[in-house]
Structure formats: C-alpha cells, structure tokens
C-alpha cells in the first residue's frame, strides 16, 4: 500500500498523537495547496511571459520529481520539484523548436523525451546533454500529440492536423538525415465516418511553392498507446474514438482506413464535437476521453460495449488544449478546465461533486499527476504560469495569517440544485402545486376563437375547479331555453386543443337562439349542428329554393325555374339533375314528353299552393297519388331509393298515357311541332291520374325518348 505509507508520514497524514490516518483517501483531496514558491512563470526567448502548452513528469527511476514543461515559443525547461533553492530550480533549458510545442512525452525509463511542434516535425532529445538525437519528418501540418508505448522504448506515435497518424521507430536508419514513418494511417478522423473502404483515392499533384492545405474536418487531436500493437486516437469534429491495430500496414492500401473498434459519440449534441485528451488508467482497462461538450466519458477499452461506463461533469472544455491525467492508483481523475480551475473526480463515484483547484486566472490547459508521488500535481495555465500542488494536511491547524502565502487551494465544488436536476433528470410534465390556492389558466374571454390566433391569457382559477372528473357533463338547459351552468373543467394537463375552441354564434336571426356562453369552452365541439326532433318544418315556399344568377333577361325561362336549381336541403344536395340539356334537345320531337310539363307537375306536387292545401284540409278523402308523384318521391329521395325504382319507367308510363289520349295527338301536329311557342307553355298543365300497365311488353326502349324519329 504505497499511498497509505505516503499519507501516514508525519508531515502529511499522521495526527498529533502519531496515530495513522484511517479516513478514506478522497478526504485528503481538499488538502492540496500551492504556495508562492511553487508558482513558476513561463518565459520566452526574449524574456517575456508566454503560456505553457505541455507538461509531463519523468518516468526515469529516481528522477520522477523532474517536470518537463514546453511553452509557446518552443522552449523546454526541466524543473526539480524537490529542490528548495530557487537558483537551482531549473535543471535544464533548451530551445527545442522555433515554433510552439503542443505536446511532450518521456521515453519510458530513459533520460530522453520527444517534442511535437507546430513546425510539422517531432524531435528526440537527450535531456542530460541537451542534444538533439533525431528529427522526424512526414507530417504536412502541425503536430498535436505524441505518445510512447510502455512496452517499447523505440516506438512512438504522433497525430497532426493533416489527419494522419504516423508511427516512428528510432531503430531504423535515417533517410536524408531524418527519421521516416514506418506506418501511417491517412484520414483517420474524417468528418464523414465510413465503415467500409471506398474506392481507390487519386493522389493530387503537389504544387511547389504552396503550403499544403489544412483540412480542419480531419484533424487528429490526441493519440495514445494501449499496448504494444494498439493505438487509440480521437479527432476534432467527428466525435469518435477509434482503436487501431498496428500489425496492419495501413499505408499499403490507398483506401479509407477501418479501425478494429470505435466508440461513437455518446452525447446528444448536434454540433460538431471532438476530444481534446485521452488517458488510460494503470490497468489499461478504463479509457477517459475529454470531450468538448464539457463531459469526460469513461469507456471500457477491453470490453465489447461501446457505451460509456461513467460520465464526469462539472468542468468546462471549450478548447483542444485541455488535457487530463489519472492518479497513480487509478482512483482519481484530474482535468483542466476553461473556467480557470482544475478538477479532481473520484472514479468510483462520478456523480459526487468534484474537487476544485482554485488559483489560476486563465484557462487551465495541461495537467500532470506524478506517477510515483500521489501528493504532487502540476498544472499549466494561459496566465503564463506553472504551478505545483502539494498535499499538506498541516494547513488544517495553521492560522489565517499563514494562509496568505498560498496562491492556490482546493475546495469542493457546489452543484446548484437546478443544474443537477437538469443533468440527472429528464424534463417531465408540469405537475399541479398543491400548496398554491390559485393556478394560472385561460380566461373565459380568450377561450373563444379569434381571427388573430393569439394564445389564451393567464388568469387566476381556484384549484377546486381543476379537480379531475370522471367524464364531461353536458350542460343543462334552464326553463327559458338558455344555457345553464358550465361543465366542470378538466385538469390543465389533460386539456386538448379542441377544448379551447368554442362554437361561434349562428347567423340565424331566430328569437329562440342565444349566443353560447364563453364558459362553454371546455365542452366538446361538434362539427355539424344537431337538428332537434321538435323543430317546426316550414313550408317549401319559405325555404331557400334559390336560383342561379344568369345573364339572360328572360324571366320566363322554364329551365331556370324548374330544372337547373336544387333546393338547399341536406337530403337533396346529392340528387341534382340537369334537365336543361334534355329539354332543349328532346322537346323538338313530336313523340317526346315535354320536360317542362313534367317539371311543372313535380314542382306543383312538391310545393302545393295555399288554395290547394286549404282544399285538401277541407275534404276528408285524401287525393289519389299519380305515378308522377311516385316518381317525384323517388327523385327527391334518390340517394336512399332502392335499385328497383326507375324514373325512366315512370316517364314511359306517362308517355303511353298521353299518346293514347286525343289531346296529345292534336298537339303533336307539324305546325305545332315547328312553332317555338311550345318551349314556353303555360305552367298549369292538367294533372290527372294515369293507369300504369305492368306488362313488360307495353314498355318502349329508352332510345325512343331521346332521339328524333326519321320521317
């Protein structure tokens, strides 16, 4: 138990009586502090302060307290974190690149390190002598990440903004004085993720004198080694973490590379998001990925599931410079943040509030946890400083005057209840508040539909009116025919859109109809009005038998009066018959039945005159219905009539009866047939009962009623 022995030291962990520290290890996290002597300013070549971009503790046995820091101007400094003398604090300093150094990595167990720079190269350095061992060339854009394998000291990997992942081996011979990549993954994180290889790519000819184009859609932000043959990488915009098998030579085929495994973006953001840091725990099982959606996702790198095991929240990640680190025992996660603080989470309890390392005044970018000393943490910030945080439990007993020497301290972050509810809970339906006596609801006036389409305005409604009911009750009518009390209102969570609409007042001017009350807004609205059985049937003369407007000035036109207009009744809407064309074409035939007479008889029987109605009331015997009246009843109820009833047969019977009478023969003379006065005959044609033969032989063909006979 290395860390128990560390915290049990008299300086850090023991109490006043020398008893060992038995509290949980996470209780010590609030004891991290930074004093003025542990705050170091990062200077550039000309002596001005520049921000540091990368830091890493040495992996050499006996030199794990040495911290390497690289800044924006390409200078690398080695700090001895155990030295109390400020004059000998910096062990080594050298200009590694003429451009910014974005990442730095120590060779496992050796006094060597590799720097990744914006000058498109990576360099291998001997830190003891301060000499350059070799330079790696191959990338066409800035290098963003560099990583070594724990099992191989000569092999490392780099990722750049050109979208390529390159593997280097320092045991290979140099070509033209530079190391060349032994394996390459081209387009590892394109914006469009393709699961299958595409067609062979065509290489574009390079133009001399022009810098290569930078495609921000395929930048590789971080690469790490999982084992000797496996590399894990992440991109800037695709939101996918990919695992690659280096035993496959990806540079042989000019196709889109296919990873052996990938972790898709687990969040719900629609923006193009990426990852700024990847880190494995000491066992190599848990993979921590810092995403730009302000979350750190923990994946199981050795399992089959691609969903995150845990999610760590509370910090802010708005740039690709924010890095993460894991404690030596793998129990805690350290990360930088854009809100000027560093955060520490407990891996076993991701929902617990993290610990804040407060003191920086700008974004905290790179962080490092000493792998041989749990009590030491290093942070880099855009305020141009590097700070060393130490675990000091003696500060609990110190006075307030001694705390003025501190430039940084740790405290537990307090989550706001509203923010925690938004993170952990899904927004649900609003519930009723029992403590309030009034609840906002629409006013009666605004429940009625309006032309503007505005939403209902709030008003105060007692909660007693919002009690749930078993079903809606129909409003009762009072004695004078008006509307009674409005039905009980439904709960606000059960009201549908149709319950907000009320029926508009009818256009009828009857005295018995009244405008519905606006409080009837919560009753169901019917699409068509229901006609009461007690409704008084008005005579047909008073009903709307409207004529169509025409440009003809002949008011005696029989077509307009009898055959082309239908009464506006629901049962007659679909029984319209255009008799005008038949009348104009067939009335020229001397054997043809005049449709004007037929229409006249139809109107007379459909709308009897007042004198006829009085005569019928005076007599006891009802009049005998003619076959024409039977045809009229069939015509009126055409939609509901049976198929056996045929109006053409009635016309045939009428034609036979008129043909047998001498009155019809005299009217069918050539002189009367050629005159135009037959088209406008008087409308008082005789209406007498006709005996209808029932034998099929007496019936004529239908063509004789519509075509003229040849003379």
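Yeah, the Cβs are placed from backbone N, Cα and C, and that goes for glycine too.
Per Swiss-Prot, repeat 'WD 1' is recorded for 47-89. Residues 37-38, 40-41, 95-111, 113, 115, 117, 125, 127, 321, 323, 362, 365-373, 376, 378, 380-386, 388 of the same chain sit 6 or more residues outside the repeat 'WD 1' (47-89) yet have a Cβ under 8 Å from a Cβ within it.
Marked as repeat 'WD 2' by Swiss-Prot: 96-135. Mean pLDDT, taken over the repeat 'WD 2' (96-135), works out to 96 on the 0 to 100 scale.
Assigned with DSSP, the residues of the repeat 'WD 3' (138-178) fall into helix, strand and coil as follows: 0 helix, 23 strand, 18 coil. As annotated by Swiss-Prot, repeat 'WD 3' applies to 138-178.
Look at Swiss-Prot and you will find 168-171 (among others) tagged as motif 'DDB1-binding motif', backed by similarity to another entry.
The motif 'Nuclear localization signal' annotation in Swiss-Prot covers 197-204 and is backed by sequence analysis.
Under DSSP, residues within the repeat 'WD 4' (215-254) fall into helix, strand and coil as 3 helix, 18 strand, 19 coil. The feature repeat 'WD 4' is assigned by Swiss-Prot to 215-254.
Look at Swiss-Prot and you will find 244-247 (among others) tagged as motif 'DDB1-binding motif'.
Per Swiss-Prot, the feature repeat 'WD 5' maps to 270-309.
Long-range contacts of the repeat 'WD 6' (314-355) within the same chain: residues 2-3, 25-26, 29-30, 32, 53-54, 102, 144, 221, 236, 274, 276-277, 279-283, 286, 288, 290-296, 298, 361-374, 377, 379-381, 410-415, 424, each at least 6 residues beyond the stretch ends and with a Cβ under 8 Å from a Cβ of the stretch. Sequence annotations record features per position, and here Swiss-Prot assigns repeat 'WD 6' to 314-355.
Look at Swiss-Prot and you will find 359-398 tagged as repeat 'WD 7'. A Cβ distance under 8 Å defines the sequence-distant neighbours of the repeat 'WD 7' (359-398), meaning residues of its chain 6+ beyond its ends; these are 2-3, 6-7, 11-13, 28, 31-35, 38-42, 49-57, 59, 64-65, 67, 69, 79, 81, 318-319, 321-329, 334-342, 406-410.
Taken from Swiss-Prot, the feature region 'Disordered' applies to 473-524 (among others).
The compositional bias 'Polar residues' annotation in Swiss-Prot covers 504-516 (among others).
Per Swiss-Prot, the feature region 'Disordered' maps to 601-698 (among others).
Per Swiss-Prot, compositional bias 'Polar residues' is recorded for 606-627 (among others).
Feature annotation from Swiss-Prot assigns compositional bias 'Basic and acidic residues' to 631-642.
Annotation source Swiss-Prot lists compositional bias 'Low complexity' at 658-675.
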DSSP-derived helix, strand and coil totals, residue by residue, for the repeat 'WD 1' (47-89): 3 helix, 19 strand, 21 coil
Chain residues in Cβ proximity to the repeat 'WD 2' (96-135) (below 8 Å; excluding those fewer than six residues from its ends, i.e. six or more beyond): 53-61, 63, 68-76, 78, 141-150, 153, 156, 158, 160, 168, 170, 174, 177-179, 321
Cβ-Cβ under 8 Å with the repeat 'WD 4' (215-254): same-chain residues at least 6 beyond its ends: 141, 144-152, 157-165, 167, 181, 183-191, 193, 197, 200-201, 203, 260-265, 267, 272-280, 284, 287, 289, 291, 299, 301, 320
Structural state census, the repeat 'WD 2' (96-135) (DSSP three-state): 0 helix, 23 strand, 17 coil
